[in-house]
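Undergrad: I have a structure here, written as C-alpha cells, and I will follow up with some questions on it.
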C-alpha cells in the first residue's frame with residue numbers, strides 16, 4: 001500500500017471500513033442474483049430455440065472466474081473506493097477512466113432503475129396480488145403506470161437503504177440473505193418432492209380458480225407454444241453450439257460477482273488477494289450451482305417443455321401481441337409462484353412469495369450503492385464538483401453522489417414507462433457496463449509493465465502462470481470473453497441491443 005499511496009493526492013476520504021469479508025461475499029452473491037436477474041433472464045431462453053441454459057450457465061461461470069481473478073488483483077493492488085475509475089485513471093489515464101466510469105457506473109445505472117422496477121412488478125406485486133385474488137391489479141403492474149410506480153417504490157427504498165450507512169446496509173442485507181435462502185430452500189424442496197402429475201394438477205387448479213381458465217391449461221400451454229411456432233426441445237438435448245449463443249443472455253445475471261469492487265475501500269482485509277477473490281468466487285459459483293439444481297428440478301417437476309413453452313408464450317404477448325397465444329395465466333411465469341401452487345393454501349403461498357421477495361430487497365441497493373462510490377472517487381479527484389464528494393459525518397455516506405443517482409433515475413423511469421421507444425435504450429444496460437469492465441481488464445493486463453513498482457508491491461505479484469503474471473493471463477482470457485459478448489450484442493438482433 002505504500003507504493004499505491006503515491007498515486008493518490010488526497011488521503012482521507014471520510015469513508016470507513018465498515019464491512020467484513022462476509023458482507024462483501026453477500027453483496028457479490030446478491031449481485032449475481034439467482035432469483036431476480038437469473039430467473040428473469042432464463043425466461044428468454046426460447047429466443048435461442050436450440051440452446052440449453054445448463055451448459056450456458058456452467059461455461060459462463062468458468063469464464064467469469066477469470067474476471068474475478070482480474071478484479072481481485074486490482075482490488076488487492078489498490079483497495080480504494082471508486083474501483084474501476086480509480087484503477088483506470090491510475091493505469092490508463094484520467095480521460096479514458098472518466099468516460100468509461102461515468103457511462104458504465106453512473107449514466108447507465110439510471111437505466112437499470114426501471115429494469116429493477118419491472119422485476120419488482122413481475123416477481124413481487126403481480127404474483128402476490130394474483131394470489132390474494134386481485135388479478136386485475138396484478139395485471140396493472142405490467143402496464144407503464146404500474147412499472148413506473150414500482151420504480152418509484154424502488155428508488156424510495158434504496159435511498160433509505162443506502163443513506164443509513166454501510167453498517168446498516170449490511171444488517172438489512174444479511175437479514176434478506178438468510179431469509180431468502182430459507183425461502184428458496186422451500187421452493188426447491190417443493191420441486192424436489194413434487195411430481196409432474198401433481199404440478200400439472202396444481203397448475204390447472206390455480207389457472208381456473210384465479211384466472212377462469214378451463215380444461216387442461218398445462219397441456220394447452222405447450223400446445224399453444226407449438227402452434228405459435230416454438231416447439232420446446234427436451235431437457236436432454238444440450239447442443240454445445242446453440243448453448244454458447246445463450247451466454248450473451250446468461251451474463252445478464254452472472255457477469256456481476258465483482259459488482260462490489262467499487263466498495264473495497266470500505267471492506268476490512270481488502271488487501272488480501274485470496275480473501276477478496278474467495279468472496280467473489282463463491283458468490284459466483286454458488287449461484288451457478290443453484291442454477292443447475294433449479295434446471296434439474298424444473299425438468300423433473302414442472303417439465304422442461306412446459307417451462308420453456310410458458311415463457312415463450314408470455315414474451316410473445318409482449319413482442320408479437322397480434323399473433324401471440326392466449327395465456328391461461330396472464331402473468332410472467334414466476335417459478336416461485338408456480339412452485340407454491342403445489343401446496344393448496346393461500347396463506348402458505350403468500351408467505352413463500354413474501355420471503356422470496358427478500359431476494360429483491362436485499363439486492364435492490366446494488367442499483368445505486370456501487371455507483372455512488374465511483375461518483376465520489378471522481379469528485380475526490382476534483383474531476384466532478386466538490387459537493388459530490390461530500391460525506392455525511394454520521395452515516396459516512398456520500399450524500400451528494402447519492403443525489404446524483406436518485407434524481408435522474410426518476411426521470412429515466414418516467415421516460416421508460418411513458419415515452420414510446422425509450423425502453424429500447426435500456427437494452428444497452430449490460431453492454432455499456434461490459435465496456436467499462438473491458439477498460440479495467442485491459443488496465444489489469446498491462447499493469448505489471450505500465451506500473452511495475454505498484455504491481456511489484458502488491459500481493460498479486462507472487463502469482464504467476466509459467467512465469468507470466470496471473471493477472472495478465474486472466475486478463476487476456478477475460479478480454480476475449482467480453483469481446484465475444486460485445487460482438488454478439490452488436491451484430492445479432494436476437495439479443496435486442
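Cβ coordinates are placed from backbone N, Cα and C, and glycine is handled just like the others.
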Undergrad: If you check TrEMBL, which stretch out of 175-194, 195-214 is marked transmembrane segment?
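TA: Among 175-194, 195-214, the range TrEMBL annotates as transmembrane segment is 175-194.
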Undergrad: Counting Cβ pairs under 8 Å to the transmembrane segment (235-256), which of 24-41, 53-75, 276-298, 347-380, 401-419 comes out on top?
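TA: Per the Cβ count, the answer is 53-75.
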Undergrad: Against the transmembrane segment (276-298), which of these stretches has the most C-beta pairs under 8 Å: 87-108, 175-194, 347-380, 425-447?
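TA: Highest pair count goes to 175-194.
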Undergrad: Before we move on, state whether the transmembrane segment (24-41) and the transmembrane segment (145-163) share at least 3 Cβ pairs under 8 Å, counting only pairs 6 or more apart in sequence.
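TA: These two segments do not touch.
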Undergrad: Are there residues at least six beyond either end of the transmembrane segment (401-419) with Cβ under 8 Å to its Cβ atoms? List them, or say none.
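TA: For the transmembrane segment (401-419), the far contacts come to 106, 109-111, 113-114, 117, 144-145, 147-148, 151-152, 155, 159, 162-163, 367-368, 371-373, 375-376, 379, 388-389, 426.
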Undergrad: If you count every Cβ pair below 8 Å, which range out of 87-108, 145-163, 347-380, 425-447 shares the most with the transmembrane segment (175-194)?
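TA: Per the Cβ count, the answer is 347-380.
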